[in-house]
Each structure stands twice: as C-alpha cells, then as structure tokens.
Amino acid sequence: MAVSVSKQYMTSLVVILLFISLSSLSPTSTSHSCDPVEEEEEASSFGYVCHSNLQKCHTFAILRAKPPFYSLSDLSRHLGLDADDEYVPKGQLLLIPIECRCNGSIYEASLIKNCVKGDTFRSVSQSLQGLTTCLSIREKNPHISEDKLGDNIKLRLAIRCSCPQEGVSNASFLVTYPVGVRDSVSSLAVRFNTTEDAIVSANNKSGVVPLKPALIPLDHKPEKQGSRKRNPSKKKRSKMKLMIAVSSAIAGVCGLVTLMVFGYLHWKKETQIQTQTQKWISNKDPETRQLSLSIRTTSDKKISFEGSQDGSILDSHNTVGTTTPRKPVLEIYAFEELEKATENFSSSNHIKGSVYFGSLKGKDLAIKQVNADEMKRFDFGLLNDQSHYYNHNVIRVLGTCFREIDQDSYLVFEYARNGSLWDWIQNKLAIKNQFIESCYCFLAWKQRIKICHDVAIALKYMHRINYVHGNIKSRNIFLNEDLRGKVGNFGMSKCVTNELATEENLIESSLSPASDIFAYGIIVMEVLSGQTPDMLLGLQEVETTSLGTQETFVSEWSRLRRLLGDKEKLREVMDSTLGESYSVDSAFEIASIARDCTAEEAESRPSAVEIAERVSRLVDDDEDEEDEAVIDRESTLISESSYKPLVKKSSIID
C-alpha cells in the first residue's frame, strides 16, 4: 500500500516538473524582436552626453543609399522630411538635416517614421543603419504594439546626434555617420577632409566601431555640389514679385476668352470619355465595375486618392490632424491621346508584339493593346494597394484606355529605358540596333548582383500580398536608366497563355510562390552564364506532351544543379564576357541560391524573404569594396552618377 502511494506521488511530481520545464521553454505572446544583449552599451560611451552650455544645435546625419532609402523621395516619404532641405549624393550618401536637442542628459533628434506592412522595431532600426536602436524605438512608442505595425502607423524615432562643445572642439558640426565594416579612423579622416585626432576626440577618445554610429567633426556646413543659392536680395525679390504680378494680369486678360472656349470643348470631350468608359464597365465583371469608383480622367491630377480607415495623420508638428491619407488610382486616357502619343501607332513606335512606345506631356510610356478578354482577366484589385505605385522593383501600371465592347482596349505602363534583362545577357541589343554605338552594352558583375537583388525584392513584395506572378523570366525583367531591375507583367498572371514547356512546369504543373522561386533560380543561372538553361542543357524548346523529353530534361537539370554546387566546375559555366572581373566567392553564393531555388521539391526551396536577405548581403559586401575604391579617388560627399541610358526603346510586356 505504502509503495503504491509513493509511486503515485513520484509520478505526479515528475509530471509537475515536466510541465514547469516546458512552460519555461515556450515563447510568450509578449516577445519582441529587440535583443537587449546587443544594445546594452550606454549612449554616453559614444559621446552623446549633453553639454551644459549648448542645449540644441542644427546638424546632420548620414545614411547610405540602400533599401529602403534609395533616393531623396524615399527619405521624404518614409521619414516625412522636406525634399528641398535634403542633400542627396545619388548612389552614395544621403545627408539629412536634423535638429539635435538635449533630452534629459542625452542628445537626440526626433523624426517620424511612416511604417509599411512587414515592419518591425528591429527592421526599422536596421534600415536606419545604427542612427537609432531597436530598444529606443520601443521605449519611444510604448503604446504601439509591434505585432500591429502596418500602413499608416507613425513611429517616433530618436536619432543619435551631438552638438560641439565650446572651448573643447573647433568643429562647427558633429555629423552622425554609420560606420561600415571596412571603415577606419584614417579612412574617415580622408573621406571627410578632417584629422584622425579630431575624430578620436569627438568620440570620447576612442576609435570607431563597425555597425555603430560615429561623430565626424566638420568646420563647415556640407553643401551639395553644383547647388545654386536661393537668397536674392530684397530688391531682386521685389522686382520679381512685380514682374509676376504684371505677367499674371496680362495673361489673365488675354486668356479669359480662350479659357471659356477651350473649357467648353474640354468639358464636352471629357463627358464623351466618361460615358464611353461607364458603358464599357457596365458590361464587365463586378471587380472591374468596382474599379470605376477609383477612376479619374486626364483632366484630374496624375494621382488621386481615397480615404483611409482611421482618417487622421500627423502634421508637421507631429500632432494629429484631420487630413485623410489617400491611395493612388489609375488614370484613364482618351484613345485620341494615345494615338497622338504613338504617332497613330506608327511602325517606328512599335516595340514588340502589341506594345508601342509613346510620349505624352513629356513622359515616356509603354502602351499595350489588349483584347476584351485580357482586360477582363487583368487583376485590377492589386492596384488598390498604394505600395504598388511606390514600389521601385515592379513596372507600374499607370492607366487604361477603355473602348467599345467590340474594340481592343489599352493598358499604359511606365517605360523602361534600357530594355529587358534578356536583351543584355543574350547580347541582343546589337540585333535590335537600339544602343549607343560608342557604348559597350555589357553588364558588369556588380550590376548583375544588384539586378538579382531587385528581382528578389519584387518577389518578396508580390508574395507578401499573396500574388503569384506565374511568368517570371528574363524577358519580363526590365532595366531603367540606372540599370536597376523591374519586374513586368504585374497583374497579368491570369492572361498568360503560353503553350510551350518551361523549365518549372516540366517539374511541377501548379502555380504557387514556389514556382516563382523556381523561375527566379533560372534567371540567376542566366545572369551567371549568359546563356539560357536550354543552351546549358543542350536542349531545345519542346511541346509539353513529349514524356521522353521531360524525363531527359529532369535528368539533365539534376546534373546542372550538381555543377552549380562545385566551386571549381562553376567556372565552366560562368559568362565568358566577365573574364576574371568577378568575385569567385560571390559567384559561388549566387550559384548556391540558384541551386536552392530550383530544388525538385517545392517545400525545399527558400522563400522570397530568405532570398532577398542572402542577395542583400552580397550587395552590401560589393558596396563596402566599392566604398574603399571611392575613398582613393574622391574627397567630397557628393558624386554624380555615371549610369547612362543605353537603349532608346524597350518592351514592357512579352
């Protein structure tokens, strides 16, 4: 009896201890992305303690041009900065003016971050490259749940900064700079035209720490190269105002009659367009009819907006205002406008297939003719997300032109000046005779890596909104004037009617995010080798009904994937035009990504998020190496971009 009770007691005790152990291992619902261990250092160790003689100052912070901050407009959109006050060296460093204030005992500058879907406290801090910390963001926003970050959420940020101490430093500005892995005190002194002693003194007699901010002392205000001063004298301003007033009066009198006449003609034309459009929409499906609620004619602004859910945003003083955030909608063009833009759809403006080049109001466009069935199957619902309009890596749909039921309609896309990726890696530009003869049309290794990164970012965006592209290939990757990649055919996955076998549907038949990933792996192979997979395998395009060819393809494909996993044999498939001007380690990592993406089992392939992170690390490594080269030949903050458009016209939809 006693033995039985003892066994029951021991069994219960073991169960209780096991429960407690498992409970301690399980994650809590209040977990955050911040890691306190990584940010345990005090701000004072980096020289940010307030000085009693200076409570605030105007200074600057620096960001490197990388996602999500590519340009001036990115900073203005994400951080709410005034575009006219930003100093942006294209492709190099972004210089941000800030007001540094003493908050308690520590200097900091306040900014507001406009969140997007997928943001976390950690991702925001990482995007700012050490100017703030994950824990600081969480402390400054105690009432905002990290799990609910998304569009229209405003985060308050405390940017690290400092003011020069009178009598101690001769510097007029202490610029906050994110230290890179390859930065050193000596290299920073050369880049910013200062001394090593001044940098060490400004940072509490210590050196610089990679991936942490450092203070760079400058004795003058950084200025944009070639900038023009905008400080005319009072006399000049008065004269300018008088000239404007006189010109306005004359223009008003002379244009009154003209305005009345053309106003009537324009109203009549607009009425005809809207009547024709509504007639077309009334015969379509409910989703297309819903789009009519967002349609504006060309007499309106390029971007119109609709209200958000909360109906409030922060104004310039960071207070809640009544202005309603809005979403971009499509523009509707009259058929006569497209005729004029394309010179009556002349052969000289024909790009390929049903796509024409057009120029309207000084803007280059790609205009695609589509039949009624294609227009009906176009996924207009994707365009309701404002992130589509601001996405740098997707060819944007700008507008439409609806015609009669029995006539073809048109989709209007942004125009990519430098053709498709296929044109470049297959060296077809010479055949098209659309390149500048003095230029050698060739993609360098670093440019190829950046294009792979751009496509990965586009896939990450599309899969985040649960959209499967279904037609990812080098012919549908286009290059803008800066040779950055943009994915075409967005919204047309239901319009694809290709009957020929492709590499991915020889292995699997259903469309899914994994099939897009497979297609991405094929593009990476083309970038590496300068050849199509068919050329690498020694095969030709065949009909999908050929079972023997399918078995041969799968066998040869497995052999090619094994080749990508061998660093020595990889040289055999590298594009010969690259010569030795590429990193073997970088090429092997890209080949590994291609190999992982084309795994036979869909569940074994990485996600678009994983791919973007892996390629991003390669881009960062290349940029760090390039920074070292820039230091040797430049001593200023700002340099001009050397990229030039090489192609006159390019297709948007293949």
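Cβ atoms here come from the backbone N, Cα and C positions, even for glycine.
Note that the structure is predicted; figures quoted are calculated from it, not measured.
Here's what Swiss-Prot has on this protein:
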- LEU330, GLU331, ILE332, TYR333, ALA334, PHE335, GLU336, GLU337, LEU338, LYS368: ATP binding site (BINDING)
- 227-238: compositional bias 'Basic residues' (COMPBIAS)
- CYS50-CYS102: disulfide bond (DISULFID)
- CYS57-CYS163: disulfide bond (DISULFID)
- CYS100-CYS161: disulfide bond (DISULFID)
- 324-619: domain 'Protein kinase' (DOMAIN)
- 218-238: region 'Disordered' (REGION)
- 177-217: repeat 'LysM' (REPEAT)
- 26-241: topological domain 'Extracellular' (TOPO_DOM)
- 263-654: topological domain 'Cytoplasmic' (TOPO_DOM)
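According to DSSP, the secondary structure content of the repeat 'LysM' (177-217) in residues is 14 helix, 7 strand, 20 coil. Rounded to a whole value, the Cα-Cα separation of CYS161 (disulfide bond) and CYS102 (disulfide bond) is 10 Å. Farthest C-alpha pair in the ATP-binding residues LEU330, GLU331, ILE332, TYR333, ALA334, PHE335, GLU336, GLU337, LEU338, LYS368: 18 Å apart. In the structure shown, the C-beta of CYS100 has more C-beta neighbours within 10 angstroms than that of any other entry among the recorded positions CYS50, CYS100, LEU338. ILE332 (ATP binding site) falls within a strand when secondary structure is assigned with DSSP.
The average pLDDT for the topological domain 'Extracellular' (26-241) in the predicted structure is 73.
Comparing C-alpha positions, ILE332 (ATP binding site) sits nearest to CYS100 among the disulfide-bonded residues CYS50, CYS57, CYS100, CYS102. When the recorded positions CYS57, CYS163, GLU336, LEU338 are screened for a C-alpha within 10 angstroms of the C-alpha of CYS100 (disulfide bond), the residues that qualify, in sequence order, are CYS57, CYS163. With respect to GLU336 (ATP binding site), the closest of these disulfide-bonded residues in Cα terms is CYS57, chosen from CYS50, CYS57, CYS102, CYS163.
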